[in-house]
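Here the structure comes first, spelled out in structure tokens, and everything after it is commentary.
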Amino acid sequence: MPYRAPTSEFAFLLSHVAGLPEVSGTERFAHADEDTVAAILEEAGKLSEEALAPLQRIGDVQGSRLENGVVRTPDGFPEAFRAVAEGGWIGIAAPEEYGGMALPMAVTTAVNEMMSSACLSLQLNPLMTQGQIEALEAHASEEIKALYIPKLISGEWTGTMNLTEPQAGSDVGALRTRAEPKDDGTYAVTGQKIYISWGDHDMAENVCHLVLARLPDAVEGTKGISLFMVPKKLPDAEGKAGVANGLKVVSLEHKLGLHASPTAVMEYDGATGWLVGEPHKGMAAMFTMMNNARLGVGVQGIGVAEGAYQHALAYALDRRQGKAEGSGSIAEHADVRRMLTRMKADTQAARMIALANAVAIDMAAATGDAAWKARAAFLTPITKAFGTDVGIDVASEGIQVHGGMGFVEETGAAQYARDVRVTAIYEGTNGIQAMDLVGRKMLDGGEAAFALIEEMVEGAGRARARFPEEAAALRDAAEDLREATEFLVAQELRDRFAGAVPFLRAFARVLGGHFHLKAALADEGPAREHLARFYVQRLMPEYRGLLEQARAGAEGLYALSLDDLAA
Ligand SMILES: Cc1cc2nc3c(=O)[nH]c(=O)nc-3n(C[C@H](O)[C@H](O)[C@H](O)COP(=O)(O)OP(=O)(O)OC[C@H]3O[C@@H](n4cnc5c(N)ncnc54)[C@H](O)[C@@H]3O)c2cc1C
């Protein structure tokens, strides 16, 4: 079933729900007017449908392979990557001075979602590069920026992020890769990195690795980490990719999904690197890349949800079983209708949260306002975790809609579920996202959370005349969320962490209701109204049980000993 890019849906949500007009109203993003954005969405949609979607299955079946030390991508990948680069999509949010389009993150988010729906494996490559561009722009020297950013934007070179090591996954502070200063101002980087996405490939002439490593005088933990640019090929005097650097791909992982995206074990053996940012401040610099990527990974989940939904709907409309009214297809059965509507409503809720997250990032960048910054920071772990959980749930439901054919690879339903599974793991597991939300993101005493809750209460007020029951449910839910947040910020960190995952999901559930009602109010037609009612009446109430779990504290979790667990 071919993918159809929901471009007019994005245009509607950006204009009427997420707040793009406010972004376009700033000097920085004045060029992102409604017509320009609509044209951009159309172009990106076309590329996703025509160049990327046909590679989805080929990528899964062929996968990327390591041959004589060189990674070969599946048929058609280099050409499609070139089309992405030539369309300017890698540098969509990058500054114009380096050849980027300087468009808002809100537009980038919509474009990235369409590409993720069409072919997640391929889209991961430009996503990594986009994050690298942002990190370099914020932290690198002028020489490094001038040399690398234009080539990353043009797709001549691509970017990776190298944090993970065998003993340092979620605990990045445990990493051991070392960087020794050399006389010429560069560094010799030595160590092993694992799980490096797109660590090597044949789609571009150079691969630029941003590597976290320790200087000789580094203290233990995250405070002793520095960031280095370590290219696969060393730039020559003219800035072209020259001789090979001291690094190699040792092997590629065999994975559950995302087969076309090579996941590399990398070995650095005295490789030449350049310091990015200040010594020992590498984590802060890498966080620029990671925050961008966390929103981007949430959006990957949503993109897969959309693809899986379209697939399931097409199948359901075609398949006939039992007595069914109307079309005669299984889509007429109540339980199939429940599954399809849930898939659509959840995808939409996560999408609206992600777009609002991106708008907050844009407003923070355009105005420097602390409240926008705090909102962007607060929403990022929610988008990442909820977006990817929705991707996993919807893709799984998509298999169910297909019945036995969902378990058979040819339909493509299973691939969505396999590919999307990792999005809840990489870029910081969803558990780590939730701890970030109730820990670091509530160091303000919950101010950013309370500001959002207040907006939900106001939104409920606006919805009261047209949707009295749903508005009342949203107001009650927002008040429950307020109480739970007040409770949580008063707890010890250990108790907060114990309830972090359910709290994050409860927050997302209620926020989704707020956005669904906002969308329904902005539209005269009945479809959004029905979707909002379905969400608020049937999906949002999940928040109650979640908040109970969020308040339950840590003690009960440890009541069952490790021996009991093993018994
Ligand atoms: C396909 C793929 C691509 C990847 N791409 C990249 C990449 O490009 N660059 C890169 O650097 N890395 C990459 N990664 C690595 C990825 O970011 C890590 O796998 C992830 O951060 C989790 O680390 P881990 O696998 O060591 O799991 P662990 O850290 O061992 O976690 C195992 C479990 O314990 C939980 N846990 C761990 N610590 C805590 C804690 N303090 N509190 C509560 N729970 C905790 C986790 O949530 C998880 O459920 C990739 C991984 C995969 C699978």
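Cβ from N, Cα, C; glycine included.
According to TrEMBL, the protein carries these features:
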DOMAIN    76-156  domain 'Acyl-CoA dehydrogenase/oxidase N-terminal'
DOMAIN    161-269  domain 'Acyl-CoA oxidase/dehydrogenase middle'
DOMAIN    281-437  domain 'Acyl-CoA dehydrogenase/oxidase C-terminal'
DOMAIN    451-560  domain 'Acetyl-CoA dehydrogenase-like C-terminal'
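Broken down with DSSP, the domain 'Acyl-CoA dehydrogenase/oxidase N-terminal' (76-156) shows 60 helix, 0 strand, 21 coil.
Per DSSP, the secondary structure of the domain 'Acyl-CoA oxidase/dehydrogenase middle' (161-269) breaks down as 6 helix, 54 strand, 49 coil. Across the domain 'Acetyl-CoA dehydrogenase-like C-terminal' (451-560), DSSP assigns 92 helix, 0 strand, 18 coil. In the predicted model, residues of the domain 'Acyl-CoA dehydrogenase/oxidase C-terminal' (281-437) average a pLDDT of 96.
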